[in-house]
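Report on one structure; see the data block that follows.
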Amino acid sequence: MQTNFLSQQFNAGSLAENSTACPANATICDGTSCVLPEDNFNQTLSVVLSTVLTIMLALVMFSMGCNVELKNFLGHMKRPWGIFVGFLCQFGIMPLTAFLLSLAFNILPIQAVVVMIMGCCPGGTASNIIAYWVDGDMDLSISMTTCSTLLAMGMMPLCLFIYTKMWTDADAIVLPYDSIGLSLVALVVPVSFGIFVNNKWPSKAKIILKVGSIVGAVLIVLIAVVGGILYKGSWVITPKLWIIGTIFPAAGYTLGFLLARLAGLSWHRCRTVSLETGMQNTQLCSTIVQLSFTPEQLELMFTFPLIYSIFQLLFALLILGGYRLYRRHRVKTKTDVEKTAQKEDSKSSAKMNGGFASDEVK
């Protein structure tokens, strides 16, 4: 009897220890991943916040459009060398990088598929906001985001068919064309209004741009916080996915910049292509994953889009901080150049300095 009592105590203690690792109400739990069910509050919060964030995003993209010159934007469309380089990065470098990382870390087939889905997604709108803060080419940034979202309707199925057939049937992956279409509309419509305002009332457009850029920075932080609230389930996934989620966006930023430089693009366009390559539409990836896989499969890779989102934002902020430090200590501002030109003019009328301004200050 005493032995049975001790055995029951031991089993109760083991259950108590296990309960701390995985909540009792978890819908998915096998020791490697636990996901909590959504309650009514969480669903209501999701609807309210999604509505607010959608409106904020539309306003931010409207302000970003206020920095786009129609002539320059159409110039990128007529001579799409920069867009073509971005296309190679978005649907060439990123899917190939995802494929090689999946093979190198020998992850499970279902995990490899979600990494591939992330690699095949188009660029996200957050790249436009960061591109503004690093003095990128906004005309190129917005045209790249628009074109990659439009081309994703054909390029995503093609890339997934090429790269995922060794792990799964490509037909099993459901592509939400309605979500892609809504993303395109949510980008094109507010940006078009912004371009119109910039051409009609340039002085007012500058004020809108300054306000929108600040709101955009707040929006990026807010989206990260909201993601933490809505995905409050407790989970533990394989360290390999954490490592891939760290390397993948960093590789996208680096390879995008290098390819743009090899293609002969200017420095500010290289920064733009780099951001457009590394910053993926993680919301679209999450939607595809949830539509395509069962709850049992989701437990193995449900959080990867969130991991990628965290690290792509972290590296983007590091790029922004590094660029701002570089510009402050290494690059002359336009005011400095003008003062230098005036000083040279006062010394000699024979030699005139036209005031060279590098791409970094444009």
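Backbone N, Cα and C define each Cβ position, glycine as well.
Quantities reported herein were computed from a predicted structural model and do not represent experimental measurements.
Features as listed in TrEMBL:
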TRANSMEM  45-63  transmembrane segment
TRANSMEM  83-105  transmembrane segment
TRANSMEM  112-134  transmembrane segment
TRANSMEM  140-163  transmembrane segment
TRANSMEM  175-195  transmembrane segment
TRANSMEM  207-229  transmembrane segment
TRANSMEM  241-263  transmembrane segment
TRANSMEM  306-326  transmembrane segment
COMPBIAS  336-348  compositional bias 'Basic and acidic residues'
REGION    336-362  region 'Disordered'
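As a quick check, the transmembrane segment (140-163) and the transmembrane segment (306-326) miss the bar of 3 or more Cβ pairs under 8 A, pairs 6 or more apart, so the two do not touch. By the Cβ criterion (under 8 Å, sequence separation of 6 or more), the transmembrane segment (83-105) is in contact with the transmembrane segment (241-263), since 3+ such pairs are found. Within its own chain, the transmembrane segment (241-263) is flanked in space by residues 81-82, 85-86, 88-89, 93-94, 97-98, 101-102, 105, 107, 111, 115, 118-119, 269-280, 301, 303-304, 307-308, 310-312, 315-316, 319, which lie at least six positions past its ends and keep a Cβ under 8 Å from the stretch.
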